[in-house]
Amino acid sequence: MTLFIQQLFDGLALGGVYCLAAIGLTLVFGVLRIPNLAHGTLYMLGAYVTYFFLVTVGVPYVAAIGLAAVVLAVIGVLLERLVFHPLRNAPHTHHMIAAVGAMFFFQAVAQALWGADFRRMESPISGNVTILGAQVSWQRIVIVVTAVLVLGLLTWFIKRSIHGQTIEAIEQDRTGSSLVGISPSRVSMLTFGLAAALATVAAGLVAPINLLSPTMGDALSLKVFAIIILGGLGSLPGAIVGGFTLALAEVMTSTYVSAAAGEGIAFVVIVIVLAIRPTGLFAKAVQR
Amino acid sequence: MAPTRIRSGTAVAAVCTGLLLATSACGGAGGSGSDTIVIGYSGPLSGGAAAYGQNIQDGLQLAIDDLNERGVTVDGEEYQVELASLDDQYAPNTAATNAQRLAEQDDAAVIYVPHAGGIQAAQELNSNRTEFLLGAYSSDPKIVEQGNELTMMIPPSFKSYVAPFVDKLTQDGESRLGLLGTASEYGQEWTKLVTDEWRGRGGQVLSDNSIDYGTVSDFAGPVSRTLAENPDVIFLGGPSQPTAVIIEEARRQGYDGSFLLMDQAKFEEMEEFTDPENLNDAIGVKPVRAYDDPGTDDILDLYAEKVTEEQPLTSEVTLNYQSVAIVVEAMQQAGSIDDATAIRDAIPDAIGEVDDHFHVSGFPTEITDAGHLRNADLEVAYRTPEGEYEHLPIEQPDE
């Protein structure tokens, strides 16, 4: 039972990280209809920039994540302007190739700036709390709470604020939105900036319990694609439900079946979803 | 402040070497001149294992700089030693292609490869098409079991560690072994050896929780699974840094047993990544700083000065450093810079002739017929529950 509680909390913390990373990816897909293969490297860069502010500059943890999110939002906008915007009328394969190129570029930049070796980021949040016999670290609780807060804010932003609503409008009907005066170009930039900032928050939260390396985004990149396919491409609730589902499935499978099965479960889930319900749990995206 | 180190310099040098090769009109640096000895190196310089690949490269480069400073004379002629590096991203096929290029375009008579897959691929080549001496940096015993005559295996074989490690950690009747190694091929070989050894002594081996240290985002899950079975000893290890994080997680979750560490994880690096107290009651390879060879202090200073002060010097650097001094000495003994067979044959004599400066961390005392550089007094390190290091001599199996 203790093991179950322990794994439940670990799964929730992992789910929080997956959600934050997956939402950015699904928003970008919803607005631009492109699978941003470089999303994992934005997450990686987010972790390094947070590390830079926290360790090198010496600002407090939360401020470091905030500042890094702003920096990454700018990088996200630049990525959209310099790479994806010029390709807006090109065939889809071009976006994919460009995204892979961006991925290698960001990895090389991280290796040049910070070196190839692992880095450790100490969080000021330390210690454990005992919940029903399980030792849960405060860092994991902070991850879950922050994820829920950020998801709440994001939902408010997209549903209630005027800028957020433009994202949803574009997702629903690009031509229609343009006709009522919404600039798809501005929304694209906004979405990319937001996606990169969210990935940074995820990375900043998870970095203290893991290590930084230029390839840290690779594994996550695959998982978040699995999540948004599971949840339905472009769907916000899909990414949230998918993130937590996949994280819990992963943790529980590796606990009660085997470690190898846990690593593979994401892809088993994708195969099943694609076979039974190809549009994902929350079907939304309609290819135009 | 961004860390400064020669690594970026060497990377630039590697790129320049490539460019010069491409233009091939420039004599001197990079290409094969009449007065240069080219040492070839194919290793992971980008991708997930880049840090490891750079450590090896640093070791080779430091030795080459020291040798050039002292002057290298072969058969009455003076030479400059140069390093030609190519990136293989840990891929065996690329390592083989690189080795071929280094041997044929750069005329490298000695080529270093630091991973078992690449070594085996290169062994296919050096026994068939092109002759070169393979500097094999991998502790996998398979690489000298192939019967390749032009292989020089540099680190101790991990086979030699298993029995003494298990001996030490079962002294008080510990019987339950948890498995939390890395899921690489090398990690699995280790896991199998340690499992067999443990079972052979009647101990109980618990479920295998091996994970890929490079891709798991949160180690807490695998650690709780392992601890749920109440192990007395946990076997683990991969790159030092994730290993340290896993150990810290296990201690955080209340584990107070021993750790049996794979040779890839180094105490000196783990101490930088976690509170050293977490590492108490663990057995692993001996830290470089614990050696008192004639050149140990010099190389520690040199590494801090020329490479980085942010990381400790490990045997990944020093073992390669020593071996370059051996092969260059062997060239001098053989009177040839390009006859790989003659160079290999001269190694047994060369070992005794290398200057004390290059004796830094258990300098080899022999090369076995199978081509394994070995130090007769190999020791391992046990960090006691009080945090002191004890050094234990170990026997090495016959080859």
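Placement of Cβ uses the backbone N, Cα and C atoms for every residue, glycine included.
Taken from TrEMBL, the feature transmembrane segment applies to A:12-32 (among others). Below 8 angstroms of C-beta separation, residues 39-40, 42-43, 80, 84, 140-141, 143-144, 146-148, 150-151, 154, 167, 170-171, 184, 187-188, 191-192, 194-199, 201-203, 205-206, 220, 223-225, 227-228, 231, 233-236, 238-240, 242-248, 250-251, 284-285 of the same chain, each at least six residues beyond the ends of the transmembrane segment (A:12-32), sit close to that stretch.
Summarising the annotation, TrEMBL assigns transmembrane segment to A:61-84 (among others).
The feature transmembrane segment is assigned by TrEMBL to A:96-116 (among others).
Per TrEMBL, the feature transmembrane segment maps to A:136-158 (among others). Same-chain neighbours of the transmembrane segment (A:136-158): 6, 9-10, 12-13, 15-17, 19-20, 23, 123, 125-130, 164-165, 167-168, 194, 198, 201-202, 205-206, 208-209, 236, 240, counting only residues six or more beyond its ends whose CB sits under 8 Å from a CB of the stretch.
Residues or ranges marked as transmembrane segment by TrEMBL: A:187-212 (among others).
If you look up TrEMBL, you'll see A:224-249 (among others) marked as transmembrane segment.
Per TrEMBL, transmembrane segment is recorded for A:256-276 (among others).
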Check: Any residues 6+ beyond the ends of the transmembrane segment (A:224-249) with a Cβ under 8 Å from its own?
Finding: 8, 11-12, 14-23, 25-27, 29-30, 35, 39-40, 151, 154-155, 158, 171, 265-267, 269-270, 273-274, 279-285
Margin query: Let me spell it out: take the transmembrane segment (A:61-84), skip the flanking residues so only those 6+ beyond its ends count, and list any with a Cβ under 8 Å from a Cβ in it.
Written below: 32, 34, 38, 42, 45-46, 49-50, 52-54, 95, 98-99, 101-102, 123-125, 188-189, 191-201, 204-205
